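The feature 5-phospho-alpha-D-ribose 1-diphosphate binding site is assigned by TrEMBL to Glu129, Asp130, Val131, Val132, Thr133, Thr134, Gly135, Lys136, Ser137. Marked as orotate binding site by TrEMBL: Thr133. Marked as domain 'Phosphoribosyltransferase' by TrEMBL: 53-149.
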Amino acid sequence: MTPFPEIHSSATLDAGLLEQQLRQEDALLSGHFRLSSGLHSDTYVQCARFLRRPELAAPAAAALAARIQAAGLQPDVVVGPAMGGVVIGYELARQLGTPGIFTERDADGQMTLRRGFTIEPGEKVIIAEDVVTTGKSTLEVARVLREPGRRSAGRGLANRPDGRKRWADFPAFRPAFGHSRDLCARYLPPAPPAYRW
Ligand SMILES: O=P(O)(O)OC[C@H]1O[C@H](OP(=O)(O)OP(=O)(O)O)[C@H](O)[C@@H]1O
Ligand SMILES: O=C(O)c1cc(=O)[nH]c(=O)[nH]1
């Protein structure tokens, strides 16, 4: 497939601009939130509100695509975990000129590849995420995909500090937007809007 070089030939992403755009889309929320990991936070990045706008999603994905290309990586497929990784994964795949597929959780909460999606041994995979907090979801995708001869690289649109230590065993790109506020103690009751705002 042919990539779309006109979009990401010299793409960069300014973290300040990205924060401004997140605020403009009401995607950067303050409050008390319980995250998917169970951790609590005073800030929530609702990437879906940002990614609903193709004119914002495209440059963000272009910056990721540019960094992936600059690193000399030539992925065969982009995989994003549903739901958050679907839109950014698809847009990244479109710009890299690869198929874009997604994993999803089954009834037991296990990350799986369904819908006839397959990855052949030896294919190189980029895992696309909208948010990385602990890195658990990304690592679950990596576990699903990991077979001898397969390389994966992870990348989130937004990231929290807690996720960094988990990346040691496969290459990851630096976050586009890092939010460094402390995650609070787990046991405080979250005020609405809370889980999966
Ligand atoms: O780094 P982690 O601690 O795993 O947290 C980040 C993950 O949490 C969110 O997904 P969620 O599990 O809430 O599912 P969703 O995309 O369906 O909302 C987000 O889209 C990431 O996949
Ligand atoms: O960790 C999460 O679940 C999470 C954090 C965040 O800021 N945004 C989001 O959609 N999920």
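Cβ atoms here come from the backbone N, Cα and C positions, even for glycine.
Around the Cβ of Val131 (5-phospho-alpha-D-ribose 1-diphosphate binding site), the number of neighbouring Cβ atoms within 10 Å comes to 24. Residues of the domain 'Phosphoribosyltransferase' (53-149) grouped by DSSP class, helix first, strand second and coil last, total 40 helix, 22 strand, 35 coil. Checking the binding-site residues Glu129, Val131, Thr133, Gly135 for a CB within less than 6 Å of any atom of ligand 2 leaves Val131, Thr133, listed in sequence order. The binding-site residues in question are Thr133, Ser137, and the one with the fewest Cβ neighbours inside 10 Å is Thr133.
The most densely surrounded of the binding-site residues Glu129, Gly135, judged by C-beta neighbours within 10 angstroms, is Glu129. Averaged across the domain 'Phosphoribosyltransferase' (53-149), pLDDT in this predicted model comes to 89.
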